[in-house]
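Enquirer: The structure that follows is given in the form of structure tokens.
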Amino acid sequence: MVAISLSFVLPPPPPRYTVPVAYAAGAANGMAVPVVETNNILSHPEGGCPLQVGEGTYELKDDLHLATPPPHPSEAPIINPNPLATVPTPPTSGVKVSLVCVSPRSKTPSFISKQIVTAPPFGDGNPALVPAPVKDGLKRRKPKNNIIKSSSSFVSRVITHEAATKRLSERSPEGLFAFANINRAFQWLDLSSKQKEEPLAKILFTKAHMLCHDINEVTKSPSHIDMVMGSSAGDIIWYEPISQKYARINKNGVVSNSPVTHIKWIPGSENLFMASHANGQLVVYDKEKEDALFTPEIQDQSAEALKASSRQPLQVLKSVNSRNQKTNPVALWKLANQRISHFAFSPDQRHLAVVLEDGSLRVMDYLKEEVLDIFRSYYGGLICVCWSPDGKYIVTGGQDDLLTIWSFPERKIVARCQGHNSWVSAVAFDPWQCDERTYRFGSVGDDCRLLLWDFSVGMLHRPKVHQASARQRTSMVAGSSQYGNRHRADSAGNRMRSDSQRTANTYESCDQAVRHPVEPRARTALLPPIMSKVVGTDPICWLGFQEDCIMTSSLEGHIRTWDRPREGINDKYNDQSSSPAVSASAAGSGSVSGLAESTMGSL
């Protein structure tokens, strides 16, 4: 009987996928996996996988399948046939894509162009962070090392296209560049080229996998692109693809020896970027500073002080206001002992939304190095997060197969979105289909599905059974939002002494984060998708919206592109007076819910 009861306690083994997961483990069914590198494959499916929505049909334009590189010869395969074994495998993230247009687009979403940023730069007021004057005027600094001629053991080899210079000189500056990782390879692609399957450059790393990457929108130009990428080893690469120069940051984990889970340039900054690590740390780096062995700047090392600081939602191990800014890190914060899954900067360039594997969403004022609010998932960890273009809403996705919409001004949950059958891996807003009243966002997940969602506040209704108690609870949360919005009393002068000088009593008094209880599902509005579609046979890892298309990438390297409906339909849809989505929201939730239900029913 004991054996029978244990069989119900043990969780089922995780799903096993043929190429990437077996590649990470080095074996499948106890046998070494023969992975042979091939060229990228570009296909144009005819009439396959259209996306039907109110404004028209999104047609699948092409499917670019990235080649999976073979393991490095020095990488011994780990034979592990037991699916329940606890031996850790190298972290993987699937294929993530960074897109950049080096020339300003002719059109920008009107919803985005109305936003006005008034926040000061990160680190403003600290003279130690004032950048040194540039000798060459407006000329951008580049990394020092040539990655093609590199003798580093971290980089295995670099393959460049034989006609790369010619292709770069002849291409339109309005075309899209794409940067994508697949296992230990990192590819630079020109999506505007007829030979888009032929990378301009491919970097093969020795053992580390690139898990995340980002492009600096401030410094980009036709002759310069600043990119940072984080690896499974914790090392970070600053890469300039046009000159093929690079620099290695956090070398051998000298600052943080944990895999980089997400990385983003700090909005408006030319040099500073933020990286989250699997050990629960958020680190701000300067691409032009050298590394040094990191020691927390905490003067009071007593057991009482350390115990008090560990209970805080944010431990400032090095403040951005520290005068010690000769080397990296610029700032280092500890949020938890568990993995940070993802983070996103708000459009006002002041707030930061962070999701963790412990199931928490933490909203920070990162300029003040403070956690304002802590929300919890319904079940399991949170995986992805994004802000609406106007900064009013935050959307998260996680292991509970749900998406959750949070109102940032009101500091409360707005709705839960049910439609995925597995973990939600990525979420993003479509700024070209958003206006002041209606929002469009999309999500992808391990169920191989792409879902699109429309919502407005007027179309969301709580369940009638709990409306009375819900109204009472809303007033309570609204009161707490005023508490969450309050201004802190500490001045810039006091903070210049560094948060690391706080004592135990100071830690007890400064924990001002509002911890919101979990809202029961029975009291929460439920939003169905307007479109749900299985778009492949392997989990989807990334989702991006462009002016003329929707793009996804998958675990096994498929980058798919859907063209938006033709211009006439889109122009009509973007007109607020004739928008089907706005009309539906004005009419109430019935028509929108009915549309979503009929869409789901036909799948």
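Using N, Cα and C of the backbone, Cβ positions are placed for all residues, glycine too.
Sharing the record's features from Swiss-Prot:
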type: REPEAT; residues: 255-295; note: repeat 'WD 1'
type: REPEAT; residues: 335-376; note: repeat 'WD 2'
type: REPEAT; residues: 377-416; note: repeat 'WD 3'
type: REPEAT; residues: 419-463; note: repeat 'WD 4'
type: COMPBIAS; residues: 470-484; note: compositional bias 'Polar residues'
type: REGION; residues: 470-515; note: region 'Disordered'
type: REPEAT; residues: 535-572; note: repeat 'WD 5'
type: REGION; residues: 567-603; note: region 'Disordered'
type: COMPBIAS; residues: 577-603; note: compositional bias 'Low complexity'
Enquirer: Going along the chain, which residues at least six beyond the ends of the repeat 'WD 5' (535-572) come within the CB cut-off of under 8 Å?
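Expert: Distant Cβ neighbours of the repeat 'WD 5' (535-572) are 17-21, 49, 51, 55-68, 93-97, 99, 105, 107, 176, 178, 180, 182, 191, 422, 425-432, 442-450, 578.
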Enquirer: Taking contact to mean three or more C-beta pairs under 8 angstroms, with sequence separation of 6 or more, is the repeat 'WD 2' (335-376) in contact with the repeat 'WD 4' (419-463)?
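Expert: These two segments do not touch.
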Enquirer: Under 8 Å between C-beta atoms and at least six residues away from its ends: which parts of the chain pack against the repeat 'WD 1' (255-295)?
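Expert: Contacts of the repeat 'WD 1' (255-295) (Cβ under 8 Å, skipping residues fewer than 6 from its ends): 91, 93, 117, 121-123, 131, 141, 211-219, 226, 228-234, 236, 238, 247, 249, 317-318, 320, 325-345, 349, 354, 356.
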Enquirer: Grab the same-chain neighbours of the repeat 'WD 3' (377-416) for me: Cβ-Cβ under 8 Å, and only residues 6 or more beyond its ends, written as numbers and ranges.
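Expert: Long-range Cβ neighbours of the repeat 'WD 3' (377-416): 109, 111-112, 115, 338-339, 341-348, 351, 353-361, 363, 422-429, 431, 434, 436, 439, 441, 443, 445, 453, 455, 457, 460, 474, 477-478, 480-481, 484-485, 514, 516, 518-519, 521, 524-527.
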Enquirer: Return the average pLDDT for the repeat 'WD 1' (255-295) as a whole number.
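Expert: So the average pLDDT across the repeat 'WD 1' (255-295) works out to 96.
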Enquirer: Where DSSP helix means H, G or I and strand means E or B, what are the helix, strand and coil counts for the repeat 'WD 2' (335-376)?
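Expert: Counting residues by DSSP class gives 0 helix, 25 strand, 17 coil.
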